[in-house]
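Colleague: According to Swiss-Prot, the protein carries these features:
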{"type": "CARBOHYD", "residues": "N85", "note": "N-linked glycosylation site"}
{"type": "CARBOHYD", "residues": "N130", "note": "N-linked glycosylation site"}
{"type": "CARBOHYD", "residues": "N264", "note": "N-linked glycosylation site"}
{"type": "CARBOHYD", "residues": "N285", "note": "N-linked glycosylation site"}
{"type": "CARBOHYD", "residues": "N380", "note": "N-linked glycosylation site"}
{"type": "CARBOHYD", "residues": "N411", "note": "N-linked glycosylation site"}
{"type": "CARBOHYD", "residues": "N432", "note": "N-linked glycosylation site"}
{"type": "CARBOHYD", "residues": "N475", "note": "N-linked glycosylation site"}
{"type": "SIGNAL", "residues": "1-20", "note": "signal peptide"}
{"type": "TOPO_DOM", "residues": "21-570", "note": "topological domain 'Extracellular'"}
{"type": "TOPO_DOM", "residues": "592-603", "note": "topological domain 'Cytoplasmic'"}
{"type": "TOPO_DOM", "residues": "625-639", "note": "topological domain 'Extracellular'"}
{"type": "TOPO_DOM", "residues": "661-682", "note": "topological domain 'Cytoplasmic'"}
{"type": "TOPO_DOM", "residues": "704-729", "note": "topological domain 'Extracellular'"}
{"type": "TOPO_DOM", "residues": "751-762", "note": "topological domain 'Cytoplasmic'"}
{"type": "TOPO_DOM", "residues": "784-791", "note": "topological domain 'Extracellular'"}
{"type": "TOPO_DOM", "residues": "813-852", "note": "topological domain 'Cytoplasmic'"}
{"type": "TRANSMEM", "residues": "571-591", "note": "transmembrane segment"}
{"type": "TRANSMEM", "residues": "604-624", "note": "transmembrane segment"}
{"type": "TRANSMEM", "residues": "640-660", "note": "transmembrane segment"}
{"type": "TRANSMEM", "residues": "683-703", "note": "transmembrane segment"}
{"type": "TRANSMEM", "residues": "730-750", "note": "transmembrane segment"}
{"type": "TRANSMEM", "residues": "763-783", "note": "transmembrane segment"}
{"type": "TRANSMEM", "residues": "792-812", "note": "transmembrane segment"}
Amino acid sequence: MLGPAVLGLSLWALLHPGTGAPLCLSQQLRMKGDYVLGGLFPLGEAEEAGLRSRTRPSSPVCTRFSSNGLLWALAMKMAVEEINNKSDLLPGLRLGYDLFDTCSEPVVAMKPSLVFLAKAGSRDIAAYCNYTQYQPRVLAVIGPHSSELAMVTGKFFSFFLMPQVSYGASMELLSARETFPSFFRTVPSDRVQLTAAAELLQEFGWNWVAALGSDDEYGRQGLSIFSALAAARGICIAHEGLVPLPRADDSRLGKVQDVLHQVNQSSVQVVLLFASVHAAHALFNYSISSRLSPKVWVASEAWLTSDLVMGLPGMAQMGTVLGFLQRGAQLHEFPQYVKTHLALAADPAFCSALGEREQGLEEDVVGQRCPQCDCITLQNVSAGLNHHQTFSVYAAVYSVAQALHNTLQCNASGCPAQDPVKPWQLLENMYNLTFHAGGLMLRFDSSGNVDMEYDLKLWVWQGSVPRLHDVGRFNGSLRTERLKIRWHTSDNQKPVSRCSRQCQEGQVRRVKGFHSCCYDCVDCEAGSYRQNPDDIACTFCGQDEWSPERSTRCFRRRSRFLAWGEPAVLLLLLLLSLALGLVLAALGLFIHHRDSPLVQASGGPLACFGLVCLGLVCLSVLLFPGQPSPARCLAQQPLSHLPLTGCLSTLFLQAAEIFVESELPLSWADRLSGCLRGPWAWLVVLLAMLVEVALCTWYLVAFPPEVVTDWHMLPTEALVHCRTRSWVSFGLAHATNATLAFLCFLGTFLVRSQPGRYNRARGLTFAMLAYFITWVSFVPLLANVQVVLRPAVQMGALLLCVLGILAAFHLPRCYLLMWQPGLNTPEFFLGGGPGDAQGRNDGDTGNQGKHE
């Protein structure tokens, strides 16, 4: 703690601030301790002219003052004093500090780095084969602030395995443990920040962007990381370039100017600028003078809070600025700490109280530490009192203190006495270290990084200077508050930065040129769908699925077959009822009048058998509707053809009898007529049916029909049907019936009817005509109709065939039986005498044939 005298002086200084006399702030950048921490801070900036004209290994002059660098140095000073005043981390020990100016230049930063590594109490770095017992002047180094400097000092300190904790260097390359084994940082790596930036672009649908980076290691590596992250998220970089540093030659300046003109003339509305402060300042300075149209600028952390960039005249017209800023704990006591020390530094009594001290050995090497720090006021530094990076400095000091606590095995009573800790011994306890700072628990991962949240910041202009407003947060995933964002557009609408419009539902991208973000939208055809919004090709549905045009999903195919409830089937069932009813009615009449001349002339029992066969044909129709099964497919053709063969064989016997009686001589007629009735007639029927059985058996064995599911016939359904494997065998199965029908037609077509007798030939002729018309029409209709309706076509053909035979042959006889019974005589049907009801059945077949 500060002593009572110092506290009194502090109170006096606050009540009676200095009157502009030189401060003694530069004298407070060094303090002795048991263990000393080195500090590298950008207290000033070197003149560009001095850097360009440097021809000797001398240091450039640092003239310009950096308020942020001084505040960060004071944050380290405050953290060390806090630790010394506590009794939990290093009880009984005091930390010291040795803070130097880097001038934001590697050339300048190397000198204090050499001082840090000099042997304690000297300015020399001796050459040894083994530095295990080497004790440098400092135990660890806090800083530097930039990746450019850390790349230089990091390798240097890593050779001696001296822990170095940066509070601002964020390059991903510094995570390489092989190259930088002793490097740590209290800020996340650039990869985290760039991941957040890529998520931001994806969140707002910006996939056509420009990416610019400063022409240094920081910018080049940042662009490389962003390119990979953008490609993985489908973000296209339309224009890419490096922004030269202020001292670059004209050729490099011309290249970035060309890139800016291309961006201005293209549809790109979003620019990622991953650059250092000076490069960003140079870029915006040129953009303002060139009147670049307003864009959305995604800023890197390096220039997002830069007063140098914010204060550019005309910067408000450059558009919307968004960027991610590391979130740390608030150091509420820090502003008061700064005010107190500035007031004390302005008090002559306090400066005198510091006492006379010897000039440090390093003063001859690096010169006065910060002469410009003795000429500032509170107003010069007030803008950066709440700078986000201040906490990173504070946390860096606490990380080293915690590692030293662990190395010394300190406890509440103190730290056990032992030999001074070497830097490499401290380093062993830095890996995967967990420590507390400002109420937060932090941890170094295996690469020496800490995991911290980012706040999404928006520049909101208030007068000539923007203020940073929180509009989101990133902690592995992005959360934005869109309503808080004020866009630069006139209607405050989110800018659109796309090469092509967003494809609609069910459309995929057909890429044009080299960029995947430039494309035409193509509709997905039926049977395919768009799986993801970024698809470049439609995904085909499975064979059991279907989809309409421009679909985003597939639907399960429903099985399609000739169902019982379909209108065509219901109509055919009505037709079946009619046909079956007529068959049963005719059969009943024939059985009732079985001994009458009309029934005997029609064949008697054979006529009844023919009607039974027609009834079975009607019933076989019921095998066609419904879901196909292997048994149904095998039974359909035989069970429909065999009964029809039985019916046609009885009609063939009628036709043969008529032909024999009408066209052959009486001797032949008498001999053959007996064979066409009685047992021989049944033998003919049996032979015909056996032939049909043989053909059907061959059809079923050689080419058995099978149940198949056709996934392509119907657009939205799976067609389940009985597939005919051979249409030739299918036709041969009809051969017996066709032959019988043809013989019937030939036997009756040219037969002359006798006056006064019933014309039996005419009915048979028209019955066969009905058969042929039905089945001849069936062939082209079956070939052209949809497969799902083919069973209905065959059902219709069978029923029409039955109805044709009934209408032409049986129904006229039923009409005579019911309404003209007077014609039911032997003379009219059989040609016998009055009362001869049996006619030819009495054995007088030959003579009756002659009377006909």
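Don't overthink the numbers, they just go from 1 along the chain as shown.
Glycine is treated like the rest: Cβ placed from N, Cα and C.
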Colleague: Do any residues, 6 or more residues outside the transmembrane segment (730-750), come within under 8 Å Cβ-to-Cβ of it, and if so which ones?
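Modeller: Residues 637-638, 641, 644-645, 648-649, 651-652, 654-656, 658-659, 688, 691-692, 695-696, 698-699, 703, 724, 760-762, 764-765, 767-769, 771-772, 775.
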Colleague: According to DSSP, collapsed to three classes, what secondary structure does N411 (N-linked glycosylation site) have?
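Modeller: In the DSSP reduction, N411 (N-linked glycosylation site) maps to strand.
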Colleague: At a 10 Å cut-off from the C-beta of N411 (N-linked glycosylation site), count the other C-beta atoms across all protein chains.
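Modeller: For N411 (N-linked glycosylation site), the count of other Cβ atoms within 10 Å is 11.
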Colleague: Of the residues in the topological domain 'Extracellular' (784-791), how many are helix, strand and coil by DSSP?
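Modeller: Here the numbers are 6 helix, 0 strand, 2 coil.
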Colleague: About how far apart, in whole Å, are the alpha carbons (Cα) of N475 (N-linked glycosylation site) and N85 (N-linked glycosylation site)?
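Modeller: Cα-Cα, rounded: 34 Å.
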Colleague: Going through 571-591, 604-624, 763-783, 792-812 one by one, which has the most CB pairs that fall under 8 Å from the transmembrane segment (640-660)?
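Modeller: Result: 604-624.
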Colleague: A 10 Å Cβ contact count, applied to the glycosylation sites N85, N130, N380, N432: which residue has the minimum?
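Modeller: Selected from the glycosylation sites N85, N130, N380, N432 on minimum Cβ neighbours within 10 Å: N130.
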Colleague: Need this for a regression test: glycosylation sites N85, N264, N285, N411, N432, filtered to those with Cα within 10 Å of N380 (N-linked glycosylation site). What's left?
Modeller: none
Colleague: Distance check, please: Cα of N130 (N-linked glycosylation site) against Cα of N432 (N-linked glycosylation site), rounded to an integer number of angstrom.
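Modeller: Taking the Cα atoms only, N130 (N-linked glycosylation site) lies 26 Å from N432 (N-linked glycosylation site).
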Colleague: Excluding near sequence neighbours, so keeping only residues 6 or more apart in the same chain, what lies with its CB under 8 A of N285 (N-linked glycosylation site)?
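Modeller: Expected: L312.
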Colleague: Within the same chain, where does the transmembrane segment (792-812) have neighbours whose Cβ lies under 8 angstroms from its own Cβ atoms, ignoring anything closer than 6 residues to its ends? I mean 6 or more beyond.
Modeller: 562, 568-569, 572, 575-576, 578-579, 582-583, 586, 602, 607, 611, 614, 617-618, 620-621, 624-625, 636, 640, 644, 647, 651, 763-767, 769-771, 773-775, 777-778, 781-782, 785
Colleague: Which of these glycosylation sites is closest to N264 (N-linked glycosylation site) if you go by CA atoms: N85, N411, N432?
Modeller: N432
Colleague: In Å, rounded, how far does the Cα of N85 (N-linked glycosylation site) sit from the Cα of N411 (N-linked glycosylation site)?
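Modeller: Here the two Cα atoms lie 16 Å apart.
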Colleague: By a Cβ-Cβ criterion of under 8 Å, what residues six or more beyond either terminus of the topological domain 'Extracellular' (784-791) are in contact with it?
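Modeller: The answer is 560-562, 568, 624-625, 710, 713-714, 719, 721-722.
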Colleague: Do any residues, 6 or more residues outside the topological domain 'Extracellular' (704-729), come within under 8 Å Cβ-to-Cβ of it, and if so which ones?
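Modeller: Here the qualifying positions are 526-527, 543-544, 546, 555, 557-561, 627-630, 632-634, 636-637, 698, 786-788, 790-791.
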